[in-house]
Amino acid sequence: MYLKAVEINGFKSFGDKVYIDFNRGITSIVGPNGSGKSNILDAVLWVLGEQSYKNIRAKESQDVIFSGGKEKKPATKAEVSLIIDNADRYLDLDNDTVKITRRIHISGENEYLINDTKSRLKEIGTLFLDTGIGKTAYSVIGQGKVERIINSSPKEIKSIIEEAAGIKKLQANRIEAQKNLANIEINLDKVEFILNETRENKNKIEKQAELAQKYIDLRDEKSSLAKGIYITELEQKEKNLSENENIKEKYQTECFELQEKLNKTLERLNTIDLEKEEVKKEKLLIDSRNKELRNIISEKEKEKAVTSERLDNVKKEKLVKEEYILHLDNKIEKKLEEVTESKNKKDEISKNIVEMAAANKEFENKIFNLENIKVEKFDLIENRAKKVRDLELEKQLASNEIENNEKKLKSSQDEVENFKQELEEANKKLLANNKEKDLVHSQLEARKEELTKTEERNEFLVNQLSEISKSINKLSQDIREFEYQEKTSSGKLEALVRMDENNEGFFKGVKEVLNSGISGIDGVLISLINFDEKYEKAVEAAIPGNLQDIIVEDKEVAKKCIAFLTEKKLGRTSFLALDTIKPNRREFKANINGVLGLTADLITADKKYQKVIDFIFGGLLIVENIDIATDILNKNLFSGNIVTLTGELVSSRGRITGGENQKSTINQIFERKKEIKTLEEKVTDLKSKITEGSKKREDLSIKLENYENEVDKIDSLEDSIRKDIDLLKKDFESLSEKSEKLSKDIRSISFNIEDAEKYKTSYQDRINSSFSTIEETEKHIASLKKDIEADENLLKQTISEIDSLNKQFSDTRILFLNNQSTIEQLEKDIHSKEIENVELQEEKEKNSKIVIELSHNIEELETLEEELQSQIEEHTKIYNSENRDIETLNEREQNLSNEERELSKDKSKLETDSLHANDRFEKIVEVIEKIKVDILNINEKLNELVEITAQVIEVEKLKSSKDRLRSLENKINNFGDVNLLAINEFKELKERYDYLARERDDVVKSRKQVMDLIQEIDERIHEDFHTTYQNINENFNKMCDETIRNTEGRLNIINPEDFENCGIEIFVKFKNKKKQPLSLLSGGEKSMVAIAFIMAIFMYKPSPFTFLDEIEAALDEKNTKNLLGKLRDFTDKSQFILITHNKETMKESDSIFGVTMNKEIGISKIVSPDKITKILSENKENN
């Protein structure tokens, strides 16, 4: 099959009839811009059934009709025909040549013809189904459609794949099957309704027929069954009474036992409370004693420490005294030896002196007095000299002390200076370190603040990314949902529009007339008028038979239509001929609340139908309710019919019609019109939402990418800041440690300075004290030396006198005196030493007594120390013992608490158990009382049934018997009058019911067959689609590799689990680039990808002929040649007709013709290639 020719007449710029022949292979259509080349493509789309004038670059239907030009009248119609070679029977028509025609008149009426025979648009669409040819197929690629393919939604791309898969016819069959299924469902509902109604009638009559016979049987059965039940129940009740009495005693015993246990538990709990209180008191008492013991132990330990210290001091003092006594013993022994020696020497000298005594007595007396004076002076001088020596020694000691202290003072001063230098140096270091630490700390805080801001920003960005992603996902989901809704609504709208176009829902006669093609038919009344929805019921109730009247131009057209119906035996219908209608308008002048007006005034339509509206609706008044209608009728205020908003009709003669019907045909047509309007608004709104959502999604995607880039930068910045913070933290810790060390050093140095200053002050005080001592000593020495000097003068005088006497008394005297003096001296010495010895003895005795006393003191202190230690140990032992007692008490208290807790649980459980036991006891008492009452009632009932023979009822069947008894009672109570004639009536109804049931089963079987067919079609659709998808996917990858060099192409099914709503996305991956969606490609890349996609489809299923409008416009020369080479490969399977400006395309074409336009009259013409070349050259020069 191929396209032999296109015939265009009055379509757009083709004001004159043109006939364009096409050959096989590649044909190029060329011409200047604006010459009308693309109108040829629009004509092809239009004849194939394009309903959207926007897609063929027109605003409304009249735009496709030639509008005229200079000295050229406008055309009254536009007509396009496709002449197709069908020798291979590619199309399902038994003709070698097929002619497809579409014609539109200036009135807007469309005509479709196949081989010059009138047809319907649906038949043309069905003819081309699954051929790749059609208004939306891939065989007609208009201007910009290449890029539109790339920018198509996944569902639109899926539709292209479906066309290539050849499943459009299957989808159409499925739609048809679904319609059949819907009709079957309607028929099934009707049959079910009649069947249910028949079943109800049958059941009613059946009950009446059986009623009389059943009544007595049921009554007797009821009495016998009742007595048997009563006897069995009585036996059961008496048995239950005995059993429950036993249970009652058991429950009563259980209550007593539980109460006794509860009482014991409560008693024990009270005892535990008392014991715990005693334990607390005992613990408080022990705590009080322990506190006193701790105080006593503390005091004893302090006292012991003092005693030990005193003991050590006494021992040291005793040791010193004992050493001193030994020293005194040695000294006494020496003194005794000296006394003995002096006494011996005295005795020896005394013998000599006796001899000289007489001679010397006189001299002695003289000299005695002088010697006494001398001795006194000598002793005085000696004592004073000794004092001077002692003072000199003291002075020397003081001087030595000064020298030592001055050295120590100098050393302390040097030490203080050194310490001060160290302190100054340390302070400087600390200050510098603190400055550095503060700097590091400020840097650290700054970086931390920077990190916090960065983290906050990062967190904000992450939250934003999450929110944006959610928003994008939500938008994508919403868009998919909107697209699904839009497709569903559009599909539903198209179906409703097709139903409207096909006049579905009208009476058969009306429908056949409308589809007959008879000229002069305007349409059905209901389709040509408009009114507010609230008047629907009123209009339908008032003129139900007129709404499907057909409006025709004149009575001749009406006659033709009636003849058509008569000839075809298609039924009857009414016609409203515009030339015979006589308006019948009644006026209503009264002003009454609730009157909405004449129906003719409430309806809108074309002015040409005003006569029809006045004729049909001029005598009909619409009011709010029936009260207003009857009031107007009674007052004779209106001579026509009156209808209410709820559909009650009051005729002019007083007949009132009302009620509610099921949905009528008219109502369904009303509903369809409303639904079409609603769906149109919904589709427009959904498309707007899809566009708006896509724009928002794109904006959010850009924002998301910006935020992601910023997050990457922030992550790097965060890592850098954290590293800086870690380094600064280490520096700060190091500096802090250094500051702490320096502070410790400073404190240590300060303490050292303080100690050195104290020593310095102490040494200075000692020096000052020593200077004072030296000064006082020197004064004392000076005073003593003056006294010694005076005494020595006196002593010299005395000695001089003695010397004078001694000279006089010679040597004897001297010897006598010397001996005497020696004896005296010896006696003094002996006396002195004896006194010293006595003093030493006394000192020894004194120190011995002290030693004895100290020994006693030591013994007492040691005893005291031992006593104190004993007391401490004793008190500690008591303290520890009482602590153990406290632990024992704590353990006892814990045990009591644990016991109390367990007993509390037991108490709660016992209380609950006791309460439940009491409840059970009370309930069993109630049960026993109820059983007794039941026994009494049963005995009374049995007394009433004495004469009745009782059925034997087993206990296990008692419940079912009672159910049976209740059923019998209900049946008997429901008995009414018995209709004996109902049996025959029931037989007739049963036969009718069986017939309808068989018919219902046949319809159900048909429904199953249709459903199985739909399932089979679905499976076939799925299988063919996926096979096609896989082949085209492979082909697309191959074509991308061949046409776009080293480029990978892939198709991807979105939402594959939902076949009806799934879509297909196109992805490409250029060499050295990431896989990316087509929206990110350049214009040239998009064109090449689209061409690769189209070629991939051709590889799988080439279209018999293909129109391509400037498909290579965005391609360079190389890619254009590549494209033409691919097209050449398909010329054995497909015919290509290209609209082009490209020279390479023209060169590769098998045939070529041109299109030019006469600008004055605006008519396009077909010209030869040579002429079009000349025109193109002229246009190029002019430009």
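Even glycines carry a Cβ here, placed using N, Cα and C.
Marked as ATP binding site by Swiss-Prot: P32, N33, G34, S35, G36, K37, S38, N39. For P32 (ATP binding site), the number of other Cβ atoms no farther than 10 Å from its own Cβ, over all displayed protein chains, is 20.
The annotation coiled coil is assigned in Swiss-Prot to 162-483 (among others) on the grounds of sequence analysis.
Taken from Swiss-Prot, the feature domain 'SMC hinge' covers 519-632.
Positions annotated as coiled coil by Swiss-Prot: 666-1019 (among others).
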For this session: Please list residues from the chain of N39 (ATP binding site) whose Cβ is under 8 angstroms from its Cβ, counting only those at least six apart in sequence.
Result: I8, F11, K12, S13, F14, S1164
Exercise. Among the binding-site residues G34, G36, which residue has its Cβ surrounded by the fewest other Cβ atoms within 10 Å?
Worked result: G34
Exercise. Taking the centroid of the Cβ atoms of P32, N33, G34, S35, G36, K37, S38, N39 (ATP site), which other same-chain residues have Cβ within 8 Å of it?
Worked result: S13, G31, V1155, M1157, S1164
Problem set entry | Predicted model, mean pLDDT over the coiled coil (666-1019) | 78
Seminar exercise, completed: CB neighbours within 10 A of S35 (ATP binding site), counting all protein chains shown, number 24
Problem set entry | DSSP residue counts for the domain 'SMC hinge' (519-632), split into helix, strand and coil | 50 helix, 24 strand, 40 coil
For this session: Count the Cβ atoms, other than its own, that fall within 10 Å of the Cβ of K37 (ATP binding site), considering every protein chain shown.
Result: 24
For this session: Work through the binding-site residues one by one (N33, S38) and point out the residue whose CB has the fewest other CB atoms within 10 angstroms.
Result: N33
